[in-house]
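Trainee: According to TrEMBL, the disulfide bond annotation covers 512-521, 555-564. The domain 'Ig-like' annotation in TrEMBL covers 351-435. Under the heading domain 'EGF-like', TrEMBL lists 487-522, 530-565. Residues or ranges marked as signal peptide by TrEMBL: 1-25.
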Ligand SMILES: *[C@@H]1O[C@H](CO)[C@@H](O)[C@H](O)[C@H]1NC(C)=O
Ligand SMILES: *[C@@H]1O[C@H](CO)[C@@H](O)[C@H](O)[C@H]1NC(C)=O
Ligand SMILES: *[C@@H]1O[C@H](CO)[C@@H](O)[C@H](O)[C@H]1NC(C)=O
Ligand SMILES: *[C@@H]1O[C@H](CO)[C@@H](O)[C@H](O)[C@H]1NC(C)=O
Ligand SMILES: *[C@@H]1O[C@H](CO)[C@@H](O)[C@H](O)[C@H]1NC(C)=O
Ligand SMILES: *[C@@H]1O[C@H](CO)[C@@H](O)[C@H](O)[C@H]1NC(C)=O
Ligand SMILES: *[C@@H]1O[C@H](CO)[C@@H](O)[C@H](O)[C@H]1NC(C)=O
Ligand SMILES: *[C@@H]1O[C@H](CO)[C@@H](O)[C@H](O)[C@H]1NC(C)=O
């Protein structure tokens with residue numbers, strides 16, 4: 001499947017110009033895809049007319065009010081600002097050419113490109129990082145939690161956070177390691193990591209020969225996931241070779257294809273299914289290389305930390321194009337326009353009326369507070385602006401761009417739709433509606449706000465739902481912990497912690513009992529370890545097996561004692577049996 005995805009990684013914006021010449025009336029029909037980058041040549045008027053330089057200049061006179069196109073000195077029409085088929089799909093631009101002042105019509109058909117413009121997906125809206133530019137920020141921080149067994153029988157418990165790009169060892173030491181990635185409108189990022197440095201090649205080679213091909217990681221909720229595929233050059237197949245490697249990266253041995261689907265706004269824990277390793281894999285660098293024999297558990301907490309203002313992408317290395325205060329999506333750079341703007345970069349005025357309220361957070365609006373309803377118009381020559389209340393009475397003003405109406409001491413009967421309506425000089429009507437919901441005063445609930453919540457554990461009180469419990473708690477007042485084996489919000493998640501481990505009702509983490517480890521506590525401590533989280537080192541000697549719980553030694557005869565380091569004479573062994581061999585030795589020793 002991943003192989004089929006590869007061609008989609010090629011972020012290629014191409015331009016198709018189909019030119020048709022209409023002899024009579026000097027008109028040109030041109031077709032431009034809406035994703036044509038700024039600077040794309042649309043038509044060279046001079047060449048088309050077969051004109052000499054002397055016959056210039058030429059001037060764009062009408063048909064392009066928002067400056068999407070630009071006429072160069074050479075009389076070439078180029079894309080000057082991002083196009084958007086859904087906003088305007090055709091332009092008829094008049095150009096006055098040469099001394100004779102001939103007027104030419106250029107009819108531009110903007111064509112729809114599927115998947116463009118990128119969609120601002122609210123599901124995975126990313127925060128804006130307060131960090132300055134170029135400090136190595138990445139869109140997500142990744143918190144790795146690994147528990148693994150080495151080939152010498154030790155348990156490694158490693159926790160590592162990756163939250164800056166330049167902090168990774170490989171990038172610092174080997175800047176020729178390459179990334180290439182693409183993104184989609186459905187909260188998905190795909191990255192190709194090209195293995196170039198010697199250490200990474202060795203690691204990839206070890207993983208490959210240890211039968212590692214794919215690492216799938218999933219959230220409990222199953223909607224977020226991460227997968228890491230390892231491909232070797234010989235196994236990549238023609239698609240990847242042809243499209244990616246030879247064209248973009250030259251020859252190479254291994255690539256990782258990393259796919260992250262993250263339809264969420266806050267931290268998500270992913271649990272990875274590490275495949276059994278065919279043979280131990282060397283990790284770490286000399287002088288302390290370690291060989292992993294088995295990875296018991298690998299969890300990754302993915303936390304959206306956001307890019308600095310004006311940047312987007314997994315590595316925050318792409319420039320946003322959003323204008324006029326629009327917010328830029330961290331995944332794909334899609335713009336969320338402010339009121340009154342439209343277009344892929346929010347740089348085209350949009351005649352509009354907006355209805356908003358203060359406080360803007362609905363939770364802060366409850367009985368006896370003051371609420372203000374704002375009506376505001378953008379890019380309209382207003383004749384009248386009005387606000388209609390839920391009881392259908394109306395206030396109206398003439399010639400103003402804004403109307404702020406205060407609802408004092410809000411009551412339940414103030415609930416309902418408030419409609420702002422603007423009428424422009426041509427009689428055209430624009431309207432927007434906002435619905436006001438009034439919450440009960442703190443700790444109140446019910447239709448008439450006459451019941452109390454009295455929630456515990458800092459749960460919030462909702463007028464209709466009552467207590468909204470934090471993760472780990474349930475009950476009408478959130479007084480009860482989630483039942484054993486369940487956890488999370490509303491105790492809806494279940495977790496199988498094994499071997500008597502307890503499960504945290506809040507986040508489902510297993511607290512293993514003594515002698516077990518791994519995220520489900522499914523692994524008994526390796527042979528030389530015992531105790532809580534396998535922290536204790538066994539002291540058993542002479543091939544004795546060590547109990548994974550309490551470290552007690554099961555000796556191999558003839559050894560005995562607590563640590564099996566005493567030569568042990570069992571009851572069934574008579575003194576004679578020991579003395580006879582001893583005697584025979586003594587006999588052959590020449591005195
Ligand atoms: C150019 O486009 C106009 C407007 O759609 C159309 O009427 C005309 O036939 C087209 N001419 C050619 C040559 O395609
Ligand atoms: C946003 O992403 C979610 C999750 O991937 C997807 O289901 C949804 O269709 C996307 N919305 C849009 C508008 O693309
Ligand atoms: C982003 O913008 C900066 C500064 O404006 C510029 O130096 C850089 O080349 C741009 N990067 C890309 C990928 O366009
Ligand atoms: C609402 O506004 C009135 C008049 O300005 C003021 O006296 C009152 O304290 C305000 N109420 C709240 C809850 O802020
Ligand atoms: C309708 O509601 C508004 C705002 O609450 C109030 O000023 C007005 O008097 C009400 N009109 C009627 C007819 O009740
Ligand atoms: C808002 O405008 C639409 C048409 O533009 C109209 O159908 C609708 O009735 C209007 N709504 C209100 C509440 O005026
Ligand atoms: C885990 O369990 C041990 C005892 O079995 C207990 O002492 C410890 O507090 C627990 N830790 C957490 C985080 O619940
Ligand atoms: C431990 O067992 C291994 C294999 O069973 C054997 O080769 C080795 O000699 C034993 N060592 C001791 C100290 O008994």
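Placed from the backbone N, Cα and C atoms, the Cβ positions cover glycine too.
Automated prediction, rather than curation, is the source of TrEMBL annotations.
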Trainee: Under a three-state reduction of DSSP output, how is residue 512 (disulfide bond) classified: helix, strand, or coil?
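Mentor: The three-state answer is coil.
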Trainee: Sort the residues of the domain 'EGF-like' (487-522) into helix, strand and coil with DSSP and give the three counts.
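Mentor: Here the numbers are 3 helix, 9 strand, 24 coil.
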Trainee: Whole-number answer please: how many Å between the C-alpha atoms of residue 564 (disulfide bond) and residue 512 (disulfide bond)?
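Mentor: It is 28 Å, counting Cα to Cα.
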Trainee: Please classify the secondary structure at residue 555 (disulfide bond) using three-state DSSP.
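Mentor: In three-state terms, residue 555 (disulfide bond) counts as coil.
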Trainee: Looking at the disulfide-bonded residues 512, 521, 564, which one has the fewest other Cβ atoms within 10 Å of its own Cβ?
Mentor: 564
